[in-house]
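Asker: Sharing the record's features from TrEMBL:
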- 249-323: domain 'Ig-like' (DOMAIN)
- 337-431: domain 'Ig-like' (DOMAIN)
- 445-500: domain 'Ig-like' (DOMAIN)
- 530-623: domain 'Ig-like' (DOMAIN)
- 632-731: domain 'Fibronectin type-III' (DOMAIN)
- 732-825: domain 'Fibronectin type-III' (DOMAIN)
- 829-917: domain 'Ig-like' (DOMAIN)
- 926-1021: domain 'Fibronectin type-III' (DOMAIN)
- 1039-1127: domain 'Ig-like' (DOMAIN)
Amino acid sequence: MGAKQLRIGWTKLAFQDRAGDCLPTSPEKGQSIAKNPICQGNTLFAPLATGKWNRNKFRTSIHLLLLILQGENITFMAKVNAESLLKKPSVKWFKGKWMDLASKSGKHLQLKETYDRNTKVYTFEMHIIAAKANFAGGYRCEVSSKDKFDSCNFDLTVHGLKSIFPVDAFCSSTDGKEDSGELDFSALLKKRSIKVVHGNTDSDVEVWNILSHAPPSEYEKIAFQYGITDLRGMLKRLKKMKKEEKKSEAFLKKLDPAYQVLKGQKIKLAVEVANEDVEVKWLKNGQEIQKSGRYIFESVGNMRYLTINHCSLADDAAYTCMVGEEKCTTELFVKEPPVTIVKNLEDQMVMTGERVELECEVSEEGANVKWEKDGVELTRDESLKYRFKKDGCKHVLIINEATKEDGGHYKVKTNGGESVAELLVQEKELEVYQSIADLTVKAKDQAVFKCEVSDENVRGTWYKNGVEVKPDARTNISHIGRIHKLTIDDVNPEDEGDYTFVPDGHAFNLSAKLNFLEVKIDFVPRQDPPKIHLDCMGRTTDSTIIVVAGNKLRLDVPITGDPAPTVIWTKGEKVITEGDGRVHVESSKGHCIFTLECAERQDEGVYSVVVRNPAGEDTADINVKVVDVPDPPQAPKILSVGEDSCIVQWDPPHFDGGEPIIGYVLERKKLRSYRWMRLNFDPIPKTTYEARRMIEGMAYEMRVYAVNSIGMSHHSPASQPFVPVAPTSEPMGLHVEDISDTSITLKWRAPERIGAAELEGYGVEYCKEGTDEWVPAIQGLTERTSATIKNLTTGDRLLFRVRAYNMAGPSLPALLAQPVTIREIMQRPKIWLPRNLRQTLIKKVGETVNIVIPFQGKPRPKVTWSKDGEPLDPSFASVRNSEFDSILFIRKTERKHSGQYDMKVQIENVEDTAKVMLQIVDLPGPPEALRIVDVWGFNVALEWKQPKDDGNCEISGYTVQKADKKTMEWFTVHDHYRRTHCVVSDLIMGNEYFFRVFSINLVGLSLEPYTTKDSVFIQKSGIDYKSPTYKEHDFSEAPKFTHPLVNRSVIAGYNATLSCAVRGIPKPKVTWYKNKMDISNEAKYRMMSKQGIVTLEIRKPCPFDGGVYTCKAVNDKGEDVVECKLEVRFLPQLAHN
């Protein structure tokens, strides 16, 4: 993405006094703000820096320096103009380079934000209360909104500091005390990044050099310029390094001050010692490290290595290398690798009131994650709306009883990645499992209206003829679970009417009618024929009773007759008895009741009831229809796909359940997921649907439910997996490559954007100028980026277009700018001779020659070949010509094929020619006239002539070989020798030799050599040996004491010795002196000399024997002297006595 200019708004930085009163506010809206900060009184305004934003990286050019006194308050305010923003911007406050202050609020730090609806300006404030000395440092404010970003940097200096150091971090107290929000170094001192192992340390070394030569007043400026967040730690290390500037005798190269390594990786610490034989000790936090599988000690020359494998947080420590009493120390910081998201969140669709669990899996157990909803961080609130569950690597966000407001985009973040999922919350529709039915009751009977809905928490109201029904002595209203009942005892004529149940909060109702059956008692004779009274139920013989599959079917038929008639129920020709456990038939006075439990589809049909008594019989038919949910539709088919959508089609179910299909409900899921998401809650009547809001390149499946007035069917089989993809962009660079009287060749380049689906090919079409009927130019699709369209009419003016096809269909067409006239264009003949044929083409005998020479010309030119000026015989070489090139082919070359080949292309009187030189080479013949010219000592001179046959190429050299007559094994003396004469040297005396020579050319050695006819004998000759003379070396050396005498203090009465070492050649004479007096002949002294060690023994010395003793060594080459002082003292008790 190229750089673009952006400006989000401007920032106001204002000082406050201890009371918190804000000084003058921002400029008026619309007022221009300068690039540099503006000072108005005690208020400092600064625009958020306008800069270039490239790939989410912003480089600011503004830097502010703020000064306050210790104990004062200060407020930083950032104002963002949101007129052009679609959503609230995100503002973050940082201290140093990386520490986010959003969660560090406490006694000394408060963050606030406000919004002015009139000016559409967001104000973000950071209050620092009672500033302390360690609050000094660099701060940064960042504001972002979608792809826009801006920032402003500023420094805070607190007067009264003994030394000024930028603070690296905010450390918030975790015990909830009032001192939370204090600034402290201790929590992050070990997290500063000083040296990255195997990284580039040039910049770090440069900062060290700059700090070491800079005055203390410039430290803070340098720290801000080079992005140093731990200046105090660097200054401590610098001070320590200055103390250690004295040269070490044991170490040539010490450890670096600090190292950093990622957790799980290995690191090698290296020092260079002065003595390669010395042993070193490695210590960790002062304890000696023992060799193990994780700690490896190496010694290579003067280098000593400590390798730590699989570094863990326990290895974060101070390490010391000791040589004797000298040591060097370093700090090792172990950095944990970023936590990545292994399993992403999945989109979900739920109903209101349901429980939602958004689950993800991260790469490391116990890692901290942050949850956000629509960019706002989620926390545990008092109502426990959100719960965060952590189980090993799994992290779950739980929402209890989801509401419509909970819908949105949820994001989980780690320090190494993030994952986003969409949650859709839909209102739960109330389903009716059992509706209320019409009732016909007699006086004093009980009437019960009952219905069942899907939600047991839904309440409702009963109405009679539009008037709410109130409970009384005869009327009872009950609600148990999902069942609502209205019971009326002792029914009388006033209870007849329309009864309605209205669920609360839902826009529909259930209605039924109560019919009162008035029984008239008339005087009748004792013999009354039976009669079935279907008319009093409001039905006729053509009426149909509808029952839902699974519900109870109850037929209560009023009958009369005297005596009481017998009742027989039949279905078709079969008499219904109570043999089936689902059927119950009973008769009472004035009624016959047929009950069928759990109605099924096969129970549908015409039921007949026959009543008989001695006075006669009566028959009635009742048509029963069983309705059910429909069968599931067939597997849906995907008609087409788009970038984030698809069109799906399906066939209606074979059985609609006895009720018309109201519509269909669709669901989709990702191919590797197990969670289905509903796409519509209101049934759609059509059998096609366009599904949207899918991810391009992700595989999905679809399934369909059919819905009628009874309910929803089972789901259909899943569709074939499909991938939403968008058509490619149009092909690029369409142009005419060639044209003739009846054909045209088009070329183009692949589309700039292919998309997630593979490119299937290209379709080429054309139409005549003035029409809009596009005709396919080629059958089907072509995978090539060129096409030749033939059998066109000469003189037609045609438009051409090319479209790219993938799974989503054709792309936008690439059109030629103007129509093309189908007519061949005259073109001069031209031969394009390849570069390698512009010089002689060399081939070996027997090889194949295949010369391809392209040419151009329209109409097609005539091509002719000749060799050495004569027409080329077809039996000599084969020639094949095409529209664009000519091929000269020789299957097996011979020497006679060498020569000049001429090619000529001609169109009428215009022609072009080219020539090709062909040289066929072969092995050369042997050299001629090899003879021995001279023999002397161990040498033989040979001479020969060039071969008669050079193989049709230059002789590049000769190979000369020799063979001992005894073994006749040939050895090469000279290879690729250029001259025709040579000298063979280093022959063995007394042996007899033969010689031969091969010719060499481009092809190789000649098949046969030329061998000398006679042998050569190397004569023996006399040799006088003269031994060399050598000059004798002078080993003589002047005396020199290699170990001097040492001053001594001895006890009187005990023998004492003085020793020294001397060397010299010849052996020097040693003489001892006391106070410059020769003591060689003194009996008190004993003098010894062995292997250069000279010893003077003093027997039982007394204080008189103290003094200066001298040892003198003398020989012919010189002399040397060494002396020492001897002190003789008494023991203390002896001195006292």
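One-based numbering along the chain as shown.
Cβ coordinates are placed from backbone N, Cα and C, and glycine is handled just like the others.
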Asker: By DSSP, what is the split of the domain 'Ig-like' (445-500) into helix, strand and coil residues?
Answerer: 3 helix, 30 strand, 23 coil
Asker: Write out how many residues of the domain 'Ig-like' (530-623) are helix, how many strand and how many coil, based on DSSP.
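Answerer: Counting residues per DSSP class in the domain 'Ig-like' (530-623), I get 6 helix, 55 strand, 33 coil.
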Asker: Sort out for me which stretch, of 337-431, 829-917, 926-1021, 1039-1127, has the most Cβ pairs below 8 angstroms to the domain 'Fibronectin type-III' (632-731).
Answerer: 337-431
Asker: Can you work out the mean pLDDT of the predicted model over the domain 'Ig-like' (829-917)?
Answerer: 90
Asker: DSSP-wise, what's the residue breakdown of the domain 'Fibronectin type-III' (732-825) into helix, strand and coil?
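Answerer: Its residues divide into 0 helix, 45 strand, 49 coil.
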